[in-house]
Each structure stands twice: as structure tokens, then as C-alpha cells.
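Colleague: Before we start, here is the structure in question, set down as C-alpha cells.
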């Protein structure tokens with residue numbers, strides 16, 4: 001159903017119409033529409049047009065009127081470990097290696113089971129939906145448990161088939177991780193909300209041989225690759241000591257770099273490494289809060305953007321952020337790039353908004369399906385109320401979204417045309433379920449607290 | 001009335017008791033109390049003790065029970081221009097000089113009157129109270145109008161008697177600014193919520209002669225001095241060109257540095273300048289979001305703290321932030337210092353909380369009156385609910401306040417024992433008043449928008 005086909009005189013009946021004061025489609029023209037309506041049928045955006053015209057051309061089973069709101073594409077969290085939500089704040093203010101060795105890894109060894117991952121991922125899904133996130137790119141153990149939680153919550157998830165060399169509760173060795181990953185991948189093939197990537201954890205936890213296997217499987221299955229890369233200086237010096245090259249050169253030599261490759265973090269990058277990322281069409285998932293909080297450093301986002309590297313934004317896990325909040329992450333990314341370059345015009349608001357929507361969709365290979373409000377795309381949509389006194393007045397809804405708003409101003413979150421969150425209530429999650437999850441796991445995890 | 005006097009058997013009747021799951025007094029011992037009660041009578045904190053004991057020793061006209069909350073001292077915004085709230089987001093993503101010359105200054109010339117300042121300061125006071133800010137250190141034109149708005153809202157304000165050399169709607173020349181400042185100062189002498197400082201705007205807008213006058217008056221009246229200092233590289237190079245020294249040396253030579261001196265920003269500081277600030281007992285009001293957003297740079301907070309300079313935190317005005325939000329500012333300060341130093345243990349949570357409470361109270365000379373929850377101090381208190389799913393679980397209320405919470409989790413704000421804000425409602429401000437303010441001024445200001 002296209003706009004043209006409806007033009008003559010027909011009135012079309014659809015499932016859902018959302019009339020908004022403003023619509024920011026995040027399309028290639030940086031449009032900002034006033035008094036616009038998004039028309040949705042069978043989960044898909046079928047029209048985007050002035051409200052005055054929409055009222056003539058369409059009738060709808062359900063109409064939502066958003067007088068003080070801006071309607072934007074659902075936000076996409078480009079790098080997270082959703083199931084770490086129950087470890088939120090378990091070891092704050094700790095240097096990275098103490099954080100990992102004394103707190104996070106012991107907790108994971110003792111606690112992480114399929115049940116844990118499903119419970120923690122449900123809490124994470126609830127947090128993300130309430131903050132306007134409609135899709136997340138994840139990497140963790142037991143991805144089928146995260147798929148189950150995301151499906152229940154009704155949030156879209158791009159799940160890494162995680163690979164490590166060392167044994168965990170989840171798998172024994174790299175082949176076992178891969179095997180379990182493929183079983184998970186097969187399990188969600190018919191689930192429209194779930195898609196997969198191959199997720200070798202990081203250069204310091206993956207051998208060359210395993211990277212080669214990952215590459216082979218990625219090519220055979222048509223999957224992207226999601227890995228931590230150049231997060232810390234230690235990672236780089238370890239690689240130089242062990243392999244004689246920096247990690248990005250090592251993965252390039254193996255052949256991993258390409259348009260399906262997402263480098264999470266990318267904090268420490270030399271100019272020729274930025275060129276490599278650009279040449280191969282790789283994506284960088286910038287995690288500014290986590291990089292600051294763990295003392296990793298500040299990624300050279302302005303240089304990446306100048307070189308046309310596709311940059312998207314992730315929260316990382318709740319143990320190193322401690323919010324799965326794409327609003328505060330977007331704001332931080334914009335502010336940080338201006339401050340580091342000492343140029344206020346760097347990373348303007350519309351570019352920041354792209355990084356949390358269409359750029360992320362492109363990174364996870366879903367740019368034809370989500371990431372903007374355009375005809376034919378899935379109706380992953382978020383309404384943000386701009387009239388609260390604490391953010392008034394509003395002169396420009398786009399810069400307001402980035403610099404003034406917080407996730408608390410999200411009033412509605414739709415995924416595939418279904419309202420999943422609105423005004424404190426979830427369509428498919430009861431508060432008592434989340435309370436029970438917290439009451440079950442917090443006492444077990446408390447002993448690993450700093 | 002002290003704790004000792006009540007010990008024997010008496011039950012004392014008081015005005016207000018607040019029972020909280022946690023109390024963080026921000027005292028010198030970094031205490032965290034569980035199941036504690038703060039007892040308030042005649043605006044003053046008269047006891048802080050375990051709830052079980054409080055229920056035996058006291059009865060109260062009003063009791064507030066906060067089962068899921070942490071009670072903290074009211075936050076103090078150490079540098080702002082409250083009346084710029086109506087210019088929120090008017091010129092985002094603009095370099096500083098374009099921002100000032102093409103947008104902010106023309107808007108101020110055309111719009112700023114006593115009425116404007118009172119209206120905009122009321123909106124700012126509402127925003128701050130709802131985010132847990134109970135006191136702000138301000139610098140703007142028509143301070144008596146800001147005093148009127150703050151008094152109405154019931155928020156504490158430390159108001160700069162602003163001085164500039166050039167004429168504005170408000171005053172003709174430096175002497176006129178000073179004269180008007182003293183009139184304002186006299187007008188609020190009997191107002192317990194309002195106090196004063198001398199606020200020469202900045203080294204690039206104030207002559208040596210005026211700085212000398214400011215110093216004389218500050219000494220005569222026993223007032224502190226609040227100025228912008230070393231905010232941008234341009235400010236410093238202009239000073240070198242005009243005066244042959246950097247601004248801090250210039251104001252030191254005049255004799256301004258001392259324990260009553262607040263340097264707002266302090267972005268670009270050399271090691272010997274940090275030593276000077278330490279030696280003179282000066283205070284730095286760190287404004288991380290504004291410094292990033294205007295491309296000014298990143299202040300060396302870790303080095304200032306190592307040298308025992310008293311650092312507090314400000315939002316700056318809403319035209320360069322765009323939130324008067326001490327929660328996001330505290331979080332940003334902590335994250336930024338870790339990231340810049342590449343050390344996760346720098347600026348831990350309790351230190352960040354001190355920067356927005358007791359350190360700020362010290363900077364504005366009110367450390368005996370506010371800034372911590374201690375017997376004898378004014379009951380400026382804030383309750384923050386820690387049980388929302390989007391910030392659960394909570395392992396450590398102090399690090400939770402800094403890294404997980406947002407201002408949206410503030411449920412109650414008391415100033416001098418009076419509840420000024422609770423759950424979306426203000427004691428003394430009607431929503432319709434704020435709506436009218438926005439509707440009056442936004443159309444006038446819109447033409448100055450980027």
C-alpha cells in the first residue's frame with residue numbers, strides 16, 4: 001500500500017493513527033514535521049503526512065493524539081549486555097581490572113544461569129522500553145534466554161551468539177559456544193523481533209583460530225560480527241606483546257573487517273586505524289558513559305564522523321553505566337565531542353539523533369526495517385512529551401530531544417505497531433514480576449558488591 | 001535543643017519527623033544511615049537518629065515515612081544564571097562567540113527587564129526544586145527580581161550583585177551596577193532565604209579599577225566574590241594581550257583571591273594556578289555540561305581535588321546546558337574526571353555528592369547553615385526514591401544517587417523545613433502561572449533562535 005495508490009478518493013481504514021505536534025522521521029533530509037500523522041497497518045508504517053490530510057484519507061481502529069509531543073523512531077541501543085542489569089552499581093568507582101576480576105567475573109561464575117539471564121533481561125527490557133529504546137544489540141551468555149525475555153516484553157533484539165575461549169556455566173570452549181549459539185539462532189528464526197550476529201567477545205579473549213571460524217560462519221550464515229575493540233590501552237599493549245600488532249590490525253589480517261563488523265567502544269584509535277574502519281565500512285558502537293566510568297578514555301568520535309565511519313551509540317551493561325538510557329547517552333556523546341574538540345558545532349543535535357536511530361539500524365543490518373519513520377518500515381515509534389516545566393520552553397524539538405529531555409519524558413513506546421509501554425505501564429510485564437526478579441537475585445549478588 | 005538535653009525520659013513534640021530507609025548526611029565521616037529519622041523544629045534539624053529511637057523520643061505534628069527513599073541534604077547549584085531559563089536551547093550547537101554575539105546578547109538587550117527576570121527566575125526555581133536543588137548561586141541582571149521569584153517559590157538563593165562595565169537595560173556603568181546591587185542587597189537583608197555576593201562578571205568585562213572597587217566593597221560588607229574565570233582559551237589570550245598576564249594572575253595582583261572567592265568554570269588552569277587557588281583557599285564552581293556544550297574544554301578537577309581546592313558544581317544557565325539539573329551535572333562531573341584521567345577510582349560517588357552539597361555551602365559561606373544533615377542546620381532536605389524499576393536493584397544508595405538516579409526520582413524537596421515540592425506539585429507555584437510565563441516570553445524570544 002503506497003501513498004500514490006490511495007490518492008484518488010478512497011478513505012482507507014487502518015489499525016492505528018498517531019497524530020503528533022511534531023514528527024522527526026530521521027530521514028536523509030533531516031525533516032521536522034509539524035502537525036503530522038503516522039499511519040500504521042499490520043505493524044508497518046503505511047503513511048506519514050500532515051494531520052489535516054490524514055484525517056481525510058484514513059479512518060483508524062485506534063487513534064492516538066499527542067498534542068505536546070514529538071514522535072521519533074524507536075531508539076536503538078547499539079551495544080549492551082542486557083542481563084547485567086541485576087549487577088547495576090555492584091562495583092562502582094573501581095578500576096577496570098579490579099572491577100572485572102574481583103566483582104563482575106566472580107559474580108558471573110556463581111550466578112549466571114539461563115534463568116538468571118532471562119530474569120535480568122526482562123528487567124533490562126522494561127528499563128529500555130520505558131526510556132524509548134525499541135531495539136538493542138546484545139552480547140551475553142544464554143542468548144536464547146534474552147530472546148525469551150525480549151519477546152515477552154515486546155522489544156526488538158539483535159542478539160550476539162557469544163564466543164569465548166574459556167569455560168563458563170554456559171559453554172565449555174569456543175566450539176561449544178559456537179554450537180550453542182547456532183542452536184539459539186535456530187530457535188528464534190521464526191521470531192520477527194529477534195535477529196542474530198556472531199559475537200566473539202574481544203581480541204584478548206579469542207584466538208586467531210576461533211576468529212577464523214567466526215569469519216567462516218558469518219559468511220556462510222550471512223551474519224554480522226559484533227566484538228569489543230580497542231576499549232582500553234591495556235588491551236592494545238597486550239595485543240602488541242602477544243601478536244606484535246594492535247588488535248584492529250590483527251582482526252583485519254584475519255579478514256574480519258567489513259560492512260557487517262561492529263567495533264564496540266573504539267576508544268583508542270590512531271588516524272590510520274580510523275581510515276581502516278572507514279575503508280572497510282565498519283561501524284563503531286560508541287559507549288561514552290561506560291568508557292568514562294571505567295576510566296577507559298574518550299573515543300575520537302569527531303574524527304570518525306569526519307572520515308564517514310558509521311557511528312552509533314550503546315549504553316554497555318548496567319554494571320558500567322549504570323543506566324540503559326539512550327537519552328543520557330545521546331546527550332553525553334554530543335557534549336563530549338564538543339568538549340574534546342573545543343568546538344560547539346561538532347556533533348549537532350540531528351547527528352546525535354541519527355546515531356541512536358538510523359546509524360544503529362544500519363550497523364545491525366536492519367536499516368530497511370527500522371531506524372526511521374518512513375513508509376514501509378516497522379512501526380517502532382516513541383512519543384516524547386516536551387511540555388514539562390522542567391524542560392520548557394522548547395524552541396527546537398530536535399535539539400530539545402538531545403540537550404533538554406530525559407528518558408522520563410517518554411510517554412509511549414511502540415514496537416512493530418504494538419504499544420509496549422505507556423505512562424509507567426507495560427503491555428506484557430506486571431510490576432510484581434519485576435519485583436520478584438529483584439527480590440530473587442539481589443540477595444545472591446550482594447556478596448560480590450564492592 | 002541538643003540530643004543530650006532530651007536524653008532522660010522526656011518525649012519532645014516537634015513540627016516534623018522524616019523517617020527514611022536511608023539517610024546520607026554528607027558529614028565528615030561519610031556516614032550512610034539505615035532506618036533513620038531526621039527531626040525538624042522551627043525550620044532547623046534538631047535530631048538525626050535511628051527511627052526506632054526517634055519514635056520513642058519524639059512526637060510530631062507531621063510525620064513523613066519514606067520506605068524506599070534516601071534522604072539527602074538539598075542540592076546546591078554553585079553557578080547559574082537562573083533567568084536564562086526562558087532562553088533554554090535558543091542557540092544550540094553554536095560556537096561560543098556566535099552564541100553570544102548573534103543570539104544571547106541581542107536577546108538580552110531586547111528582552112531583559114525586571115519583569116522578565118522575575119518570570120524566568122520563577123520557572124528556574126520550579127525546575128530546580130523539582131530536581132532536588134534547594135539553593136542556587138546566581139549571577140544576573142535585576143537580582144532583586146530573582147530574589148522575589150526565589151522567595152515566592154521558597155528556594156534559597158545566593159545572589160550576585162552583578163557588575164559589568166558596559167550599559168544594559170539594567171544599569172549604565174560599573175558604578176551604577178554597584179549602586180543598584182547595594183540597593184538590592186539592602187532590600188533582602190531581612191529575608192532568611194536570600195544572601196548576597198559581589199559578582200563582577202568576568203575579567204574580560206571588568207576593568208582593574210572596577211575590580212579594585214569590588215574588592216573594597218567586598219571587604220567592607222563582608223561579602224564573597226563570584227566571577228567567571230578561565231572559562232575559555234580566548235579569555236586567557238585576550239588577557240595576555242591586554243594585560244600581559246593570564247586572568248587569574250591579574251585578579252590575584254589586585255588582591256581578589258581569598259576564601260571568599262568563587263571562580264566559576266576554571267577550565268584552563270596551569271599547575272601553578274591550581275596551587276594559587278589552593279593557597280588562597282578559593283573555590284571552583286565546575287560547570288561540566290556547559291563547558292562541553294560551548295566547546296570550552298574540560299576542567300582539571302582531579303588535579304584541583306588533589307591540591308585540596310574546594311570544588312563545587314554548577315549548571316550554568318539554561319542557554320548552555322540545557323538543564324538546571326544537579327543530578328545529571330553530578331554524574332557528568334564524576335564520569336568525566338574518571339575518563340580524562342583514565343582512572344575509575346577518581347572522584348568516587350561520595351566525593352561527587354559532597355561537591356553538590358557541603359562543598360557548595362562552603363563556597364557561598366553558608367556551611368554552618370546548610371549543605372549537610374546535621375543538628376543545628378536548616379532543614380533543606382531532599383527525598384529520592386530508589387525503587388523504580390529503571391534504577392533497580394540498588395546495592396549502594398550513595399553510588400546509586402550519582403550513577404543511576406536522575407532528578408525524576410526526587411519525590412520531596414524541603415527548604416527550611418517547609419515542603420516546597422512534592423510529586424509534581426509546588427507549595428507556592430501554580431502550573432497556570434508557569435504556563436503564562438512561557439506563553440508570554442517564548443514568542444518574544446523566538447526571533448533570536450538559531
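Note: Cβ is positioned from N, Cα and C throughout, glycine not excepted.
Please treat TrEMBL annotations as automatic predictions, because they have not gone through curation.
Sharing the feature lines straight out of TrEMBL:
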| type | residues | note |
| --- | --- | --- |
| DOMAIN | A:70-419 | domain 'Amidohydrolase-related' |
| BINDING | A:79, A:81, A:228, A:316 | Zn(2+) binding site |
| BINDING | A:108, A:201, A:231, A:316 | substrate binding site |
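What's the neighbourhood like for each of these?
Modeller: Computed over the domain 'Amidohydrolase-related' (A:70-419), the whole-number mean pLDDT of the model equals 97.
In the three-state DSSP scheme, residue A:228 (Zn(2+) binding site) is classed as strand. Its Cβ placed at the centre, residue A:228 (Zn(2+) binding site) has 26 other Cβ atoms within 10 Å.
Secondary structure at residue A:108 (substrate binding site), as computed by DSSP, is helix. Sequence-distant contacts (6 or more apart, same chain, Cβ under 8 Å) of residue A:108 (substrate binding site) comprise A:141, A:168.
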Colleague: Among A:108, A:201, A:231, A:316, recorded substrate binders, what is the largest CA to CA distance in Å?
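Modeller: The widest Cα-Cα gap among those binding residues is 21 Å.
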Colleague: Among all chains shown, work out which of the binding-site residues A:79, A:201 has the most CB atoms within 10 A of its CB.
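Modeller: Highest number of other Cβ atoms within 10 Å: A:79.
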Colleague: List which of the binding-site residues A:79, A:81, A:316 have their Cα within 10 Å of the Cα of residue A:201 (substrate binding site), in sequence order.
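Modeller: The binding-site residues close to residue A:201 (substrate binding site) (Cα within 10 Å) - there are none.
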Colleague: Reported as an integer number of Å, what is the Cα distance between residue A:231 (substrate binding site) and residue A:316 (Zn(2+) binding site)?
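Modeller: Cα-Cα distance, residue A:231 (substrate binding site) to residue A:316 (Zn(2+) binding site): 12 Å.
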Colleague: List, in sequence order, the residues of the same chain other than A:79, A:81, A:228, A:316 whose Cβ lies within 8 Å of the centroid of the Cβ atoms of the recorded Zn(2+) site.
Modeller: A:80, A:139, A:264, A:265, A:285, A:287, A:290, A:314, A:317
Colleague: Same chain only, sequence gap of 6 or more: which residues have a CB within under 8 Å of the CB of residue A:81 (Zn(2+) binding site)?
Modeller: A:138, A:139, A:140, A:316, A:317, A:319
Colleague: Let me check the 10 A CB neighbour count of residue A:231 (substrate binding site). How many other CB atoms are there?
Modeller: 27
Colleague: Please give me the CB contact count at 10 A for residue A:316 (Zn(2+) binding site), counting all chains in the structure.
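Modeller: Looking across every protein chain shown, the total is 27.
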